[in-house]
There are 4 protein chains.
Amino acid sequence: MRILLSNDDGVHSPGLVALYEGLKSLGNLEVVAPDRDHSGASNALTLNRPLTVEEHPSGFRSIDGTPTDCVHLAVNGLFPESFDRVVSGINTHANLGDDIIYSGTVAAATEGRHLGLPAIAVSLVSEGQNHFETAARVVRMLLESERPLSLGPRSILNVNVPDVPWEELAGFRVTRLGNRERAESAVPMTCPRGKERYWIGAAGKGGDAGPGTDFHAVAQGYVSLTPVHIDMTRHEALVSLRTWADSLPDVHGGGV
Amino acid sequence: MRILLSNDDGVHSPGLVALYEGLKSLGNLEVVAPDRDHSGASNALTLNRPLTVEEHPSGFRSIDGTPTDCVHLAVNGLFPESFDRVVSGINTHANLGDDIIYSGTVAAATEGRHLGLPAIAVSLVSEGQNHFETAARVVRMLLESERPLSLGPRSILNVNVPDVPWEELAGFRVTRLGNRERAESAVPMTCPRGKERYWIGAAGKGGDAGPGTDFHAVAQGYVSLTPVHIDMTRHEALVSLRTWADSLPDVHGGGV
Amino acid sequence: MRILLSNDDGVHSPGLVALYEGLKSLGNLEVVAPDRDHSGASNALTLNRPLTVEEHPSGFRSIDGTPTDCVHLAVNGLFPESFDRVVSGINTHANLGDDIIYSGTVAAATEGRHLGLPAIAVSLVSEGQNHFETAARVVRMLLESERPLSLGPRSILNVNVPDVPWEELAGFRVTRLGNRERAESAVPMTCPRGKERYWIGAAGKGGDAGPGTDFHAVAQGYVSLTPVHIDMTRHEALVSLRTWADSLPDVHGGGV
Amino acid sequence: MRILLSNDDGVHSPGLVALYEGLKSLGNLEVVAPDRDHSGASNALTLNRPLTVEEHPSGFRSIDGTPTDCVHLAVNGLFPESFDRVVSGINTHANLGDDIIYSGTVAAATEGRHLGLPAIAVSLVSEGQNHFETAARVVRMLLESERPLSLGPRSILNVNVPDVPWEELAGFRVTRLGNRERAESAVPMTCPRGKERYWIGAAGKGGDAGPGTDFHAVAQGYVSLTPVHIDMTRHEALVSLRTWADSLPDVHGGGV
């Protein structure tokens, strides 16, 4: 098995090293990750400049771009051989609920899927203990499963692991993404040169975090497994939208 | 009606000006857009620095951040009054099919929805004619409709408009997102200082672009209206994933 | 006379527009400036990516790079015709004393000189009145002088103008660069996500700001004219350094 | 002796590691360097956002900013104890002649001097052999000299070392900065998305590279030692500029 590893915390992140250590016995690994922290990068793709690839003494490669750039370039040009799988992480913080729309970790996995590869995003719901080895062992167990995992088209697996020793994991839970209440207000500040600036506010609290959600599973000590897809069409709305569109004035009838 | 306008091409883009001109009679508009081009920014959110807001003589505001930053800050802190709607665009290129996952234009709209507001993303499928006024008129027609549009929770409307005079529009089509074939390979180059670098390759061709898709609608001269949602849970896969997860070894049973 | 205008506040800065308006009767002007604020950019040159040039409806061009990039590209490739002179500004704040080492405004001028052109950097010592027209008129007077100005090799003129109506200027003073006391300490802060970060502290006070310095001239209401060179060799130290180097152990004698 | 090490190639550069290894027996070292390559950064200082400091397992610290930011923050806030000296390097390429105005390596040293500390910038004139240990040994020899080195106010030592084993060094030469002919023209290119872009051209050839210059010394196999100052006033031009300024029309006399 030939596996591509990436992340959004950067090539020197301890979570990435732990993932590499945990998976290296599974086959042939390549690591291609951003040269610096890109948390919050979402699926951003760098189109206005060429990217530079650097190979480190460890054999890891870094790119001066986003997580999506890394996976795109690795799968689509850097290596002559193709990959069987993409694993992104281990992120040093949770990627739960709505927040994953901003996540670079999840984006690296979805880019892999976009390019035709089964992909997993894995995050540690860190409380400062940094049990990356638990998360790495979870990923290895998932990859070693003899039953094939089929999520359907255009989907990846988003995994969040409680920050505890392996023995303290409660088990696995398949979950849906919860969602948070609205984010807190932007935080204004005056910089030392007297200019007013704004920080994006902290993520919202609670919201839909009840049973069945990823928030709930990890709070109970379970590994959360969420099937995540990248088909953004809201198929359920197609019919009602057609009815509505039919009520629009004829573009040739004037009236606007 | 109080409408927030944003985009990903930057505050000085002619598409944004055309949108403003086309909608200004509808109510109270505020414009908050990136200070420079952020095409490809996806939902990237800036968390590692505070943002600066600049007000221009036109009354437009720019932010040294991403499209998502702009909408987030505008809705969540910059103005004392709330908004009724977010419109993002007019993008100077199409946002069709898979590509929207990278789109800053669509991301600005989804950020508005995320914060509770109905939202529209609008793009001109430009062929160099730059009939922004056609796209602006389409948006105005959508906003002026007397029948309420309900897309269901967490959804926005993604609109792509052919680059033709209003009279040449064929009408409206409700569509699903098509998808492209795999992107072209990365393009290696040697920079003038002798370092090898890589451009992200061009988007793929064709793929699923048949009847029913947004690609097909605009190719036929229609305005494409696609309901797009931000619920990334693949609900259809929950059951099969549960069966699969049950087959994993017990975390307490050892063996791994 | 063919003059290249640039700045470090960005192509949309009112100081740049005022400079253009003030000088346009003198000959053929081209404006090439950064697309966003680059204060503090010093002589930074962008070597790791290609630059993009955008032409605005005003005829001004912007580049997604530093002030030095703008002048370099304008003189060295963008235009078939050569220039007679470079003017950088009008900066919206003073560029006095030690601070000019960080200044993008001064760097744009020194890049012009580096490429063989006489160059002027001009800054308004702003107190919020924004009398850019005064500074523009100063530059025009300097450029219209019939006596040739010779600063010697590799030198530019750094001009700082008090923020007053023309009639209130006290006159011109030729000055040396003063210097400030040491900058204030870095300002630590905790961002809304709990991470500690540091702002570069404010510039130091006073220092060498006595008679003869640029600080003193503008404080007295005079336009300050400072000859600034880019020869960084400290010629006065060559002899004593040779004596010192002779005292070093012989590289082949071992001992280290 | 308490020494601050920095560079512009980034915290993971082999040249920085070699410098650390070569100097660690001299006293107490701290390393604070950019988190990524900042070649060409000149004295750029980051004023529009706060900076983040990360401590690595090696004890090295990185900052998400420029070389000047690193030295400024290290000397002016990060550590309770003060430093005795700043050493910047070992740069993986030469910093000779005019080019040093763009150099982040030299800028890190001048920032140290600006804050009151004796400072050395050191570069390897690399030809692919990467004899960093030679350059490190040169710096150690300079720091261990018993005769005090006095360069005069506001000056640093710029050191360029041939890329050879220690035994092959020809000795030391005290030099002035040479200068190059004008840089080559910008290199236009069309990116894969069809947009025209420009690379800054390569540095110019030859120019003033004769005996006495730093270019000449290293070409002959010598370590080049150049005294470099940061006083940008061209004192020699003050008198002639005063004469010229007296010929300007009286600001109150009108006529302009």
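Every residue number used here counts from 1 along the chain in the order it is shown.
A Cβ is built for glycine as well, from the same backbone N, Cα and C atoms used for every other residue.
Site annotation (TrEMBL, ligand divalent metal cation) includes B:ASP8, B:ASP9, B:ASN91; from B:SER39, B:SER42, B:SER62, the additional listed residue is B:SER39.
Summary: among the binding-site residues (B:ASP8, B:ASP9), the fewest other C-beta atoms within 10 A of the C-beta are counted at B:ASP9. Chain A lies within reach of B:SER39, taking the binding-site residues B:ASP8, B:ASP9, B:SER39, B:ASN91 and requiring a CB-CB distance under 8 A. Other Cβ atoms within 10 Å of the Cβ of B:ASN91 (divalent metal cation binding site) number 30 in total over all chains.
According to its DSSP assignment, B:ASP9 (divalent metal cation binding site) is coil. Annotation note: B:SER39 (divalent metal cation binding site) sits in a coil segment as assigned by DSSP. The number of other Cβ atoms within 10 Å of the Cβ belonging to B:SER39 (divalent metal cation binding site), over all protein chains shown, comes to 22.
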